[in-house]
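Let me begin by presenting the structure, written as structure tokens, before commenting on it.
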Amino acid sequence: MEKKYILALDQGTTSSRAMIIDEEGEVIGVAQEEFDQIFPKPGWVEHSANEIWASILAVIAGVLLKTNISSKEIAGIGITNQRETTVIWDKESGNPIYNAIVWQSRQTEDICKQLRKDGYEDTIRSKTGLLIDPYFAGTKARWILDHVDGAQERAEKGELLFGTIDTWLVWKLTGGRAHITDYSNASRTLLYNIYDLEWDDELLKMLNIPRAMLPEVRPSSEVYADTVPYHFFGEEVPVAGIAGDQQAALFGQGCFEKGMAKNTYGTGCFLLMNTGEKAVRSENGLLTTLAWGIDGKVEYALEGSIFVAGSAIQWLRDGLRMVRQSSDSENYASRIESSDGVYVVPAFVGLGAPYWDSDVRGAVFGLTRGTEKEQFIRATLESLAYQTRDVLYAMEQDSGISLKTLRVDGGASANNFLMQFQSDILGVPVERPENKETTVLGAAFLAGLAVGVWKDKNEIKKHWKLDKRFEVEMKEEQREDLYDGWHKAVKAAQAFK
């Protein structure tokens with residue numbers, strides 16, 4: 001039987017999905033399973049690692065049954081995962097010693113405060129490209145070792161293993177034969193030197209993490225090990241591709257050249273720009289991260305996040321009841337020529353890159369007696385585009401690379417008004433692909449390259465299909481006037497504390 005399909009596993013924050021992708025890069029079938037969110041205390045978020053694993057087994061079975069494709073036809077498995085979420089488990093039994101601590105969880109704030117107090121910020125920044133924040137995996141591992149009796153001692157003896165979700169899934173799928181991660185996930189731990197490409201002794205000492213518990217770091221596209229037959233319907237199938245979700249989306253968008261960038265419009269926005277084989281150190285509070293490692297070399301990316309994007313549209317729907325469903329926002333915004341000087345600064349939880357102001361709160365400016373809900377809705381949508389320009393401008397400043405085109409995905413990328421305004425306010429075209437499942441595609445492409453379904457990146461590029469290209473329609477003078485108004489609004493919001 002010909003092995004012509006790739007199985008892509010997308011292990012996310014609220015659910016796990018499995019998709020089968022054919023040689024043309026088309027999604028043949030999908031299965032999805034949600035799992036419980038655990039909130040032990042305010043600000044803490046945990047998952048059961050065993051429940052995540054059970055959900056993965058369920059979606060693998062589900063997608064094969066749904067598509068009537070045999071496990072014998074699967075050429076390889078690609079994995080993409082919620083980044084930073086951390087698991088520590090017993091090497092012998094395979095049982096986690098504590099829940100997985102999720103990327104959103106703030107329970108390691110005290111560890112972060114101590115690192116800042118001890119003056120580690122510059123060391124961490126210069127070696128990892130990251131900031132000291134509970135977001136990243138290293139402090140989560142430290143917390144588990146501190147809070148589970150005897151864990152530190154057992155870790156030092158080599159009895160415990162650490163991993164992000166990709167590592168946990170590969171370990172389980174291969175029956176414990178492979179304890180590995182890829183470059184993109186390793187670069188989110190605070191423990192990995194992204195320049196020397198190795199676990200860093202100084203960083204390990206700083207958090208007192210025993211080297212014995214760390215996975216081997218491997219390329220993002222490579223056959224790591226085969227599944228054990230009892231986990232894959234009697235078949236040994238190569239696990240052959242891994243990337244963290246945002247890097248996988250960059251790959252799935254075909255952003256292979258230096259200077260190509262993508263924006264994922266989800267609850268927040270994640271912007272990544274490929275900076276090629278050179279790591280760019282940001283002067284604007286952006287993260288420097290490994291994009292992927294393929295063909296014996298690594299490529300880097302700059303990353304910026306916007307805290308509030310799609311959630312601002314949800315706020316219009318659920319909080320203000322201005323729209324019945326999120327998609328209605330496009331119709332309202334398109335009815336008027338402009339937002340008539342109204343600006344919404346959706347700083348509901350502070351502002352992310354490049355402002356990094358956690359104290360600022362949401363604000364609305366420029367209201368008059370003539371302001372109607374159309375202007376309010378339009379200004380809210382426009383705020384997503386302004387924030388995107390803020391981050392991309394910071395990326396251009398840091399990298400010295402001018403953006404030629406922005407590729408987009410995620411829920412709000414379906415909003416034609418927003419995408420046109422995004423192009424206008426950036427002054428570059430915006431491209432939306434036919435297949436919005438770019439994260440899953442990225443994992444599939446990485447695995448398919450390793451097992452020979454696709455020959456090289458050039459072949460993959462052909463499978464990126466354009467849905468719509470939004471060309472710039474706004475004159476530069478108008479663009480700069482609008483953007484100047486946005487900056488005034490942000491400054492005014494920051495002054496109101």
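Including glycine, each Cβ sits where the backbone N, Cα and C put it.
In sequence order, Gln82, Thr85, Val102, Trp103, Gln104 constitute the residues six or more apart from Thr13 (sn-glycerol 3-phosphate binding site) in its chain with CB-CB distances below 8 Å. What Swiss-Prot lists as sn-glycerol 3-phosphate binding site is Thr13, Arg83, Glu84, Tyr135, Asp245, and the listing cites sequence analysis.
DSSP assigns Arg17 (ADP binding site) to a strand. Taken from Swiss-Prot, the feature ADP binding site covers Thr13, Arg17, Thr267, Gly310, Gly411, Asn415, and the record attributes it to sequence analysis.
In sequence order, Val308, Ala309, Gly310, Ser311 are the residues of the chain that are 6 or more apart from Thr267 (ADP binding site) and have a CB within less than 8 Å of its CB. Annotation comment: Swiss-Prot describes Thr13, Thr14, Ser15, Thr267, Gly310, Gln314, Gly411 as ATP binding site, evidence class sequence analysis.
Under the heading glycerol binding site, Swiss-Prot lists Arg83, Glu84, Tyr135, Asp245, Gln246. Taking a C-beta cut-off of under 8 angstroms and a sequence separation of 6 or more, Tyr135 (sn-glycerol 3-phosphate binding site) has the following same-chain neighbours: Glu84, Trp103, Gln104. A coil conformation is recorded for Tyr135 (sn-glycerol 3-phosphate binding site) in the three-state DSSP classification, outside any helix or strand.
Within 10 Å of the C-beta atom of His231 (phosphohistidine) sit 18 other C-beta atoms, taking all shown protein chains into account. DSSP assigns His231 (phosphohistidine) to a helix. The annotation phosphohistidine is assigned in Swiss-Prot to His231.
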As a whole number of Å, the Cα atom of Arg83 (sn-glycerol 3-phosphate binding site) is distant from the Cα atom of Gln246 (glycerol binding site) by 8
Residues that sit under 8 angstroms from Gly411 (ADP binding site) by C-beta distance, when 6+ apart in the chain
Tyr265, Gly266, Gly310, Ser326
Can you figure out which of His231, Asp245, Gln246, Asn415 (the recorded positions) comes closest in space to Ser15 (ATP binding site), comparing Cα atoms?
Asp245
I'd like to know which of the binding-site residues Thr14, Gln314, Asn415 has the most other Cβ atoms within 10 Å of its Cβ.
Asn415
Which same-chain residues, if any, lie at least 6 apart from Asp245 (sn-glycerol 3-phosphate binding site) yet have Cβ under 8 Å of it
Asp10, Gly12, Thr80, Asn81, Gln82, Arg83, Thr439
Based on Cβ atoms within 10 Å, give me the single least packed residue among the binding-site residues Ser15, Gln246.
Ser15
Quick note, Arg17 (ADP binding site) and Gln246 (glycerol binding site): C-alpha atoms separated, nearest Å, by 16
